[in-house]
Amino acid sequence: MATQRRANPSSLHLITVFSLLVAVVSAEVFFEESFNDGWESRWVKSEWKKDENMAGEWNHTSGKWNGDANDKGIQTSEDYRFYAISAEFPEFSNKGKNLVFQFSVKHEQKLDCGGGYMKLLSGDVDQKKFGGDTPYSIMFGPDICGYSTKKVHAILTYNDTNHLIKKEVPCETDQLTHVYTFILRPDATYSILIDNVEKQSGSLYSDWDLLPPKTIKDPSAKKPEDWDEKEFIDDPEDKKPEGYDDIPEEITDPDAKKPEDWDDEEDGEWTAPTIPNPEYKGPWKPKKIKNPNYKGKWKAPLIDNPDFKDDPDLYVFPKLKYVGVELWQVKSGTLFDNIVICDDPEYAKAIAEETWGKQKDAEKAAFEEAEKKREEEESKAAPADSDAEEDDDADDDSDDADDKSESKDDEAHDEL
């Protein structure tokens, strides 16, 4: 599929930056989408959930606040809906090369529960039926739901099983545009970037459970009988002081006085009350010292895992052919834009700087202005709301009076 970018000379999407020109020379771009005119001919809206009247519609827009009104993406537009849309590109394999998957996403709705991730799919897919059960190769991007889920998903499919990344990668939660980038390399290492800043990195071997572990604890190993795991022992030189056991736990209160009105004949013989003995230290225990024979906690030695079989193509996705969005949103308003699938991280970085990088300050200013207007409108509406509440309270008082009147009438009727 040909790269799709605007031909408008004034657009920020023009490749005018030197770094981008340099990147173009070396980069192989498999797919690129900025949702310019004609985008609907390149994307297929799924009919998934349509029969249940739960399929959400997409808007082609730059959003309520933006850094360039001409830079449009696709935005979810209906609450409590499922969304599924995909685009096809010429099938390719990332064997022997980097795989870079990048896109921008903005949650204008102050998202409290919903996804902002995208998927790469392999093989042949019926795009009209693309949905939650459609197998995918990579799922990547932010996911937010309540206070517990605010993270970046990086799910890789290996041997028909979806594997979640084991590391936590927090996502952005504000209402501005952010760029998410996933880089997968031939040496089985990866990086996750947000706004061109690396947030996580590592290896496919350690950060996903794609393969069995290389080593395991030796199941036949036994702890030696003379293995000493006690870090501290009683001091053999410490001796109990003479008379220690004779110290009473309580003593007579030396400050206690017999009450003047105490009558021994009537009250019995007066006995001074007891109090805790400050000299009493409890049962004697010898001091603890470092155990000279301490060997630490015993652990079974590691051995090669007989079930481990290395896969030099662990990073390879051989038949990548589609990119799509499939998600559920309680509150709509998420906007996707500037999708790039290529083999050069520098090219993706340059695209991010040419779009998000040049627009972010203007977008933030537009957002702050929109928030200011919203707060002013809410402030103006507050007195009217207060008057309405007073009217409601008056109505409630009237209703209560009517209810009491009706209650009295009922009581009077019962008496008759």
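Cβ coordinates are placed from backbone N, Cα and C, and glycine is handled just like the others.
Among the features that Swiss-Prot reports, N-linked glycosylation site is placed at ASN59, ASN159, with the record citing sequence analysis. Per Swiss-Prot, the feature alpha-D-glucoside binding site maps to TYR117, LYS119, TYR136, ASP143, GLU326; the stated evidence is similarity to another entry. Per Swiss-Prot, the feature compositional bias 'Basic and acidic residues' maps to 215-225, 355-380, 404-416. Under the heading compositional bias 'Acidic residues', Swiss-Prot lists 226-236, 244-253, 386-403. The annotation repeat '1-4' is assigned in Swiss-Prot to 253-264. Per Swiss-Prot, the feature repeat '2-2' maps to 282-292. The motif 'Prevents secretion from ER' annotation in Swiss-Prot covers 413-416 and is backed by sequence analysis.
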Local Cβ density at TYR117 (alpha-D-glucoside binding site) - other Cβ atoms counted within 10 Å:
22
If you count, for each of the binding-site residues ASP143, GLU326, the other Cβ atoms lying within 10 Å of its Cβ, which residue has the minimum?
ASP143
Among the recorded positions LYS119, TYR136, ASN159, which residue has the largest number of other Cβ atoms within 10 Å of its own Cβ?
LYS119
According to DSSP, folded down to helix, strand and coil, what is LYS119 (alpha-D-glucoside binding site)?
strand
Take the Cβ of ASN59 (N-linked glycosylation site) and count every other Cβ within 10 Å, whichever protein chain it belongs to.
15
Looking only at residues six or more beyond either end of the compositional bias 'Basic and acidic residues' (215-225), which have a C-beta under 8 A from one in the stretch?
298-305, 308
Counting only residues 6 or more past its boundaries, what in the same chain has a CB within less than 8 Å of a CB in the repeat '2-2' (282-292)?
228, 230-236, 238, 240-241, 244-245
